[in-house]
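Over in TrEMBL, the protein carries these features:
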- 41-232: domain 'Peptidase M12A' (DOMAIN)
- 128, 132, 138: Zn(2+) binding site (BINDING)
Ligand SMILES: [Zn+2]
């Protein structure tokens with residue numbers, strides 16, 4: 001049963017999202033939306049998987065194609081919809097060609113920057129950054145990761161030590177198995193200071209990291225997105241889905 005009063009807090013136990021609560025309407029503006037918040041320092045989600053984006057004009061045609069292809073993969077395979085910010089939505093992502101590849105996890109509120117440097121302007125890396133945007137951490141940061149990988153601290157570049165820290169709280173998607181093949185799993189020598197491995201698999205024969213820049217979501221990634229956003233539940237209202245066409249590719 002959907003809650004009778006949409007402003008009344010309710011739990012998501014039914015949908016499997018135990019630990020999430022409903023914060024209520026933020027403002028009365030036309031473009032404001034309720035927020036779902038995780039109780040244990042987790043990220044805020046985007047309501048109904050709708051994420052307005054603005055794209056920096058400095059991306060060239062080929063780079064835009066890679067970004068749109070990533071957005072298209074989300075649209076085709078998940079209930080997440082990145083759509084151009086044609087209305088003044090308060091919360092949105094601004095995708096710009098920064099020095100590095102970077103995104104915060106979840107929805108911060110107001111404008112949040114997604115940086116796509118030269119090294120990550122391929123569809124697979126864009127998907128990785130957009131997964132952070134929708135609320136995903138790296139797979140090797142899971143609280144139970146020590147069963148699956150060994151972190152070789154001595155080989156990690158000092159600037160990236162925190163990329164290997166264990167997440168101190170669980171996410172709903174941690175109920176699904178650890179996934180060596182996730183688009184959110186870094187490779188063996190990621191952020192290495194000396195070209196030696198920074199991550200070692202503990203299961204014989206397991207392969208980590210994205211196989212190539214053509215590797216997109218794993219099957220488990222898709223299941224985890226579905227779980228996090230309760231895509232199949234009656235709470236999920238994809239009311240904006242397909243409302244805005246994918247941007248034409250302008251030079
Ligand atoms: Zn990342």
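Heads up, the Cβ atoms here are built off N, Cα and C, so glycines get one too.
Mapped onto this structure are the features recorded in TrEMBL.
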residue : record              : CB count, 10 Å
128     : Zn(2+) binding site : 23
132     : Zn(2+) binding site : 19
138     : Zn(2+) binding site : 20
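Listed in chain order, the extra residues whose Cβ falls within 8 Å of the Cβ center of the Zn(2+) site residues 128, 132, 138 are 103, 105, 129, 131, 136, 137, 183, 184. In three-state terms derived from DSSP, residue 138 (Zn(2+) binding site) belongs to neither a helical nor a strand segment and is classed as coil.
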